[in-house]
Amino acid sequence: MIPTPHINVAEKGIIAETVLLPGDPLRAKFIAENYLDNPVQFNSVRNMYGYTGTYKGKKISVKGTGMGMPSIGIYSYELIHFYGVKNLIRIGSCGSLQKDVKVRDIVVGMAACTNSNYANQYNLPGTFAPVASWELLRKAVDIAGQKGIDVKVGNILSSDTFYDDDPEDWKKWARMGVLAVEMEAAALYMNAARAGVNALCILTVSDSLVSHEATTSEERQNSFTQMMDIALELA
Ligand code: ADE
């Protein structure tokens, strides 16, 4: 069934087997124009831009996912099941839940807790633990080490809410050792697990629920560049 309802690409080979997935479609455009050689736009449905180009001669795509689990759930499902994508690398931002995870740090999501009901669709007789691809995780950590980039690796929280009714809720996740909160990884990890493909989530810390610090996107540029260095090398 291609084109799909949300990606207007009629042929399979146009999207690479490895796709970088920022939440913001304009970030996808920026990455394509600044990091890829010969980028060609493949999607414009809902302005959720996607591009394919090359990096060091290797074909790679980058596509916006929008915010939240339903949105990344749709795009990652279509990329996997209709366009043959095998490696899905989310690159995004997160809020720190721990004192020693500072703004501008880089967090790699080894696993993703969630307050969402996304896993309900699988009718499991218990709860599911969404985890990153071990291959991608190990490679990302190796690449960061080789480049001298410090990364915090651990559990993250994919939340359905950015504005919580109880502003103290995050502390319950923090005391379970969860490093940071974002809004997409758990759905990505579940879609990848169900389909037997690889997914990883790499994040820069944009704000801290602990210290109440926040960074502007200009201030995040250096950590964004480091995150991109890891993601592109990984691809
Ligand atoms: N992404 C970046 N910061 C976040 C936060 N504080 N909560 C949820 N998602 C985020």
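Each Cβ is built from the backbone N, Cα and C atoms, and glycine gets one as well.
TrEMBL: automatically predicted annotations, no manual curation.
Values in this document were obtained by computation on a predicted structure and should not be read as measured data.
Annotated features in TrEMBL:
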type	residues	note
ACT_SITE	Asp207	active site, proton donor
BINDING	His6, Glu182, Met183, Glu184, Ser206, Asp207	purine D-ribonucleoside binding site
BINDING	Gly23, Arg27, Arg46, Arg90, Ile91, Gly92, Ser93	phosphate binding site
DOMAIN	19-226	domain 'Nucleoside phosphorylase'
SITE	Arg220	site 'Important for catalytic activity'
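A map of TrEMBL features onto the structure.
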| residue | record | CB count, 10 Å |
| --- | --- | --- |
| Gly23 | phosphate binding site | 20 |
| Arg27 | phosphate binding site | 20 |
| Ile91 | phosphate binding site | 23 |
| Gly92 | phosphate binding site | 24 |
| Ser93 | phosphate binding site | 23 |
| Glu182 | purine D-ribonucleoside binding site | 25 |
| Met183 | purine D-ribonucleoside binding site | 25 |
| Glu184 | purine D-ribonucleoside binding site | 30 |
| Asp207 | active site, proton donor | 17 |
| Arg220 | site 'Important for catalytic activity' | 18 |
Listed in sequence order, residues with CB under 8 A of Arg90 (phosphate binding site) and six or more positions away: Leu21, Pro22, Thr65, Ile72, Glu184, Ala185, Leu188, Ala199, Leu200, Cys201, Ile202, Leu203
Cα distance (Å, whole number) from Ser206 (purine D-ribonucleoside binding site) to Arg27 (phosphate binding site): 15
Whole-number Å value of the largest CA-CA distance among Gly23, Arg27, Arg46, Arg90, Ile91, Gly92, Ser93, listed as phosphate-binding: 22
When distances run from the Cα of Glu182 (purine D-ribonucleoside binding site) to each of the recorded positions Gly23, Ile91, Gly92, Arg220, the nearest one: Gly92
Collapsed DSSP category at Arg46 (phosphate binding site): helix
Cα distance (Å, whole number) from Arg220 (site 'Important for catalytic activity') to Ser206 (purine D-ribonucleoside binding site): 7
Cα-Cα distance linking Met183 (purine D-ribonucleoside binding site) and Gly92 (phosphate binding site), given in Å to the nearest integer: 10
From binding-site residues His6, Gly23, Arg46, Ser93, Met183, the one whose Cα lies nearest Arg220 (site 'Important for catalytic activity'): Ser93
